[in-house]
Each structure stands twice: as structure tokens, then as C-alpha cells.
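Everything below concerns the one structure shown next.
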Amino acid sequence: MPFATDEELKIAHDILLKGKKPFDSTKVNIIKEDSSCYVQACPGSGKTTTLLAKLIILANKMPLPEGKGICVLTHTNVAIDEIKAKLGTKADVLFRYPNFFGTIQTFLHKYVTAAALHYFYGSQITYVDDEMSNAVFLKKYYKLPIRESKLRGQIFARTASKEHIINAAEIEALGGMDRLMAANVIKKKGKRVVKYDFQLAGYNLDTIPYEYRHLIRTKRDNILNSQGREIILSYKIDWENNKIITNSDPIGVDTSAGAEYMKIKKEMFSEGILSFQDAYDLAFRYIREKKLDFSRFSDKRFKYLFIDEVQDCDGLQVDLIQKIFDENKVVIQRFGDYCQAIYERDECSGPENDKLKDNQVLYIHDSNRFGEKIAKPLRSLCIEDNHQLHGNEEVPSVKPIIITYENPLSVLPKYVELLGTTLIPEMDNRSILDIANKERQEDPLHRINVKACGWVGKKGASAQKRFIESYFPPFEKKNVGPKVEGVSFNEFMFKNLHGAIKEHAISIIQGILKYLDLCEIRNGNRHYTKTSFLESLTATNIEHKDNFLKEVMNWALLTAKSDSDDDLNKIRSTIHQYITETILPIYRKEETPDALSFFNATNENLPEDQTTEHRNVYHGDNGKIDIEVSTVHAVKGETHAATLYLETFYNRHHESDRLAEQFKGVAYTGTNEDTLKNLRVTYVGMSRPRYLLCVAIQQDRFDKIDCEELRRIWKVEKA
């Protein structure tokens, strides 16, 4: 029996794409495929829609033979919510037993880590969160006695052994070269290139005036705190070999320092507090020590496993999937693009997910997003020969533009100028600026759709090293708003109005805790914290906690997408209804007048920029166009009207140095790790736009690569 009939295909198409062209033959073949495969899809190919079509068809076939279900693994809750929105009530059956539909992290916690934690420590999961885990660990770590603790002594020694280079201005501010050298505060290093190393111990401060002693000690303490934190938080338990992996040589768990470390971690596990790494480590330890064969469980419950955005799987997730699912018993279909495998952490930027590829690869080479002129440079600015990539004939992309510059601050103004002067004949000779603004107005969320992005967002740019801040000095990698403590629930909702989903969620929880405090719902004599409140919900019923967090994530998602006061007021009303009807009855409390006032108070006293101003936005042409400036990682998965790719410096080279031949249309066939990493990032960043792609390159670097072959692909404009 085939996976889908033509009639079933038509039903799925009408749900997803009613009134649009039918699925092409490539997508029909993928939708009908009923065996394990890897769907390698180019940017903007409609990959997720193809997966959704399969899910709609399966939803209508439920229950499957032998009572089996399907498992759909994604990487973010946002992806799940978007799928729910597209499928509507059709999605309901997919979220019921025997199916599983969620993130890889949720699957891990629900089926493996929770069991491991109960088995080893008799506890339940309270938190799996790096920030929370780090905060709790450090609180316990700093309670260790400074002089007696072997672990703290070890961290001090490792911090002190590192170089702490200090510049001339700091040396002067601390009392001057001669004085600091004599007091052993700094040491001279190097012969050809002289530098000065700030010491952390062994001072002779008798000759140092009192006013400088305080500054020296403050600098020392700051180094010890920041670098010490960094070192201790990098430690990781190797359960299989009874060691602790450190930034230097590993230490045994039975050494004095190791025992102190293990005591803290075991206390945290008993409290149900884990980092993401802990969750995987405990899961793998549980599988190994219990000699569990999870593939027997997955075979009985699931007929199909679908993995969305498989290129985003890191090494731990790959190992987990391979331990849980048996290729020979479950049909495993992966959807992704290994050419776009980029991660926030450099150490995860390798092609870990190569292990998840299948022998049968089904390709989608046709992009719906951009036209041929943008497809052309992407055929070579890719980790492999990408000559089969095809642009959409119906999208009138213009010839990509390289913007050359002497001064990086001139790049964004030039980009704005090009947006206004670049016309598209197929769209009534309208400018890209007009098209972008019209599309933004038509977007229900009015999202900024003209962007500038670069690889490296860190601070410390210079003439020799261009980072994103070179082009846009106000750039902040963490796109967060000011912290405000509130007299109204609105203030908490507006804290991170343009931040990440997680930041919205944290702010909403903080606002709810303030409201509960005003309803006299407390943890004994203390105010509830996020941790203690979730523990309290878990104690009453674990489903209370799960449902609460699910609702919070949904509100956070809606807040992130909101674009008007009306939207936010509706979300606020929904939150208020949930608290009064669900949370207050759990604690047998009623709403107090103060709590009601807190919820209904407006935010008139908030500064306007706190509530309306986007972060990292360049306002061009007297406010006629907004350009959001961000990292490539932040724009992954987006579609823009126009994109400016900002060349940045990474590991000794800028893009135009490292990828000179690829800008000329020559596919890369080498194996250099940095080049492959750079090509992945470049490919993601440059494949975002529909109409206009620009790239900023410094004039002297461009002169080295300028040639006829390059100009066949690129137009060149000087800023």
C-alpha cells in the first residue's frame, strides 16, 4: 500500500497551499516516500511544508497498524507552535498518545533523563537550564571555605597560572610601570614583542600608595572571579571513567578536589537541577549502566521518526537518536540542509550530523525564495559544488551588489541608498525600499524584513579586524531591553519586548510572581522565586508545572510576535484569566485589590524607547526604512526582502580573503576546517533575501579579488 494516494495529496495541499500551484514532482516523490531517507533541501525550498503534508496525511490515517504512532523531533518550541498554527485542529491527533511531537530536549527529559534522575538520586526534574544550573552551582561553590577547600585552591592555581595581559593605560592607572614591577604586581614578558602580565599573588605592596592598593586588589579579585567562574563551570563529569574533565588535566572523582565537586553536583541532582550537558550525561549513564535497549521500546511505539532541521543536531543529540531508534525497525526520515549546519558555539560547528545522513538522499534543488541572480553566487559560496541550485523564475531578484568601502560607517547609508535606487521592472519599476515597506505592512506581525548580518558579533573591532560593530557601533549581541522593576504587570511584559523567546518567558514569570506576592501567596515567609514556585507546583501535581510552563512559552511566543498595544493587552488578559482560574485555586487564594491594580496599571510612566524601540536597528532615509543588524546565527531560517552581508574577521582572515575564489564562482573542493565553517555561515547569511543581496567588502581587500569573473556575478558599488 503506498504512503499516500493522489487524493490524499490533494487534501494536504488544499490545507497548506489552497489556491497555489500543486506540489511539483520532486515534492510529490518525497511526500510519497515510505522508507528511511535524508531530504537535503536548499534554502527556501518549502521543506517544512513538504514535511507538514506528510504529517497531515498520517493524521488522517490514525491509528496506524498495530497501534503504532509517529515521533516528530524539532529543535525549538517555536517550530512546534508554527506547525500547530498551520495544521489547526488537524494537529490535535499528532499530540496524543502513541505519538510524540516535541523538541529533542523534551523527548530526552521525558523518556530518559527523568528516569535516570529518579533511579540514581530519587528526585524529579525541577530545572534543565544552563543559567539556572550555573547560578545554583556557583552559590554552593562559593560556600566552600576559601582556605580549606581543595577545589577552590585548584581553581585559584589554574587561574593564576594563566596570562593576564595588562595594557599601558591600565598600568598607569594602577600606579605606573616602575612601581608595579618593583611590587611584583606585573611581570615583563617577551623579548621581541614586550607585554606585561598582571600577577594574582606574591605582591609586595609596602611601596604602593594606599589609593592604588585598592585598585590593584579590585582588579585581582575581578580576574579571579570572572576567570575562576569560567574555569569551574567548564568542568564536566566523565561517568564512564570516574573522572572530571577540566580545562587542563582531568581529576579523579575520589581526589579531594574531585570529591568536593561531585558533592555539589550530587546535591543539585537531588534537587532536580541540571544543565543541558548534565541531562545528556545522566541519560547516557543510565542507558549504559542499566544496559537498556531503548530501540525495543521505540520499535513498539513508533512506526515513523521525522527529524526537522536535522543539520542543527549536535553530537549529543546525534548519539541520543542513534541509541533510541533502530534504523532497521523504524522508518527514519530526516529533513534539513547540511550546507547550513551552523551553531552558536564554535566547537559545535563541525558536520556532526553527517552520522544522521542516510544512504538514500532525496534532493530539493529548487528554491521558492529567490530568483536566479541570487542563486548564482550561492552555487559556489557553499561547502560543496552547488551547481544544481535553481532560483525561482517568478521571483525577480536583481544582480547582487558588492559594496566597497574605506570607512565601514559609510556602508549602511550606502545600503539605504541602493534600496531606494534599485528598481525592479517586473514589479512596475518600484524600488526595493517600496516593495519591502509594503510587504512589511502586509505582514500581520509587521516584522522588519530588511536586514544586515555578519558572522562575528563580539566587541573589539579595529581597522585590521572588522566585526559587526565596525559598521554599526551600537550593536549588542544580546538583543535585550533595560531591566525594570514594576508597579504594573505591563512593565514585566515590556522588559524584553524585542528579545528572545526565553527572555520573554522569564519576564512573564517574574511578573506573575510579583502578582502572586500581592495575593499573599508566598514560600513560607519568603517571596517565591522562579525555582521555588516551580518546585511548589510540582509538589501539588507535576502536570501543574508542565501546563504552566507550556502556557508561559505560548505567551512568550505571542509576545515576541506582537506588534501593537492591542495584541499585548489580549495576551495580558489571557494571562490574568489563567492565573485567576488556574493558579489561585491551587493555593486557595483570591485576587486582592492590590494584585488587580498591579495587573490593570498601564505603563504610561515608562520611557517611550523602553516600550517601542527595537534594539540593533538602523533607521535609514529619515526613518523611511528600518534595517535590523544582527548575527548570521540570529537570522537563520528567515526570509528578507533584502539582506546586506557584513564581512567580518574570524581566525586570521576576513571572508574576502578566505573565500576569494568562491566570490568568483569557483566551487570549493578543499577540506580546510575554517573555510568550510566560513562557507556554511556565508551560505546561511546570503540565502535570506528574495530581491536584493549586498555584501560589504573593504576596498583594499576587494582590489585583490576584483576580476571579470567576479563582475559577471556581482555588481560593484562604492560607498
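Cβ coordinates come from backbone N, Cα and C, glycine included.
As annotated by TrEMBL, ATP binding site applies to A41, C42, P43, G44, S45, G46, K47, T48. Annotation comment: TrEMBL describes 20-390 as domain 'UvrD-like helicase ATP-binding'.
Features as recorded by TrEMBL, highlighted on the structure.
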| residue | record | CB count, 10 Å |
| --- | --- | --- |
| A41 | ATP binding site | 27 |
| C42 | ATP binding site | 27 |
| P43 | ATP binding site | 24 |
| G44 | ATP binding site | 21 |
| S45 | ATP binding site | 24 |
| G46 | ATP binding site | 22 |
| K47 | ATP binding site | 21 |
| T48 | ATP binding site | 19 |
### Message
With an 8 Å cut-off on Cβ distance to the A41, C42, P43, G44, S45, G46, K47, T48 Cβ center, who else from the chain surrounds the ATP site?
### Response
D337, I364, S367, N368, R369
### Query
In this predicted model, what is the average pLDDT of the domain 'UvrD-like helicase ATP-binding' (20-390)?
87
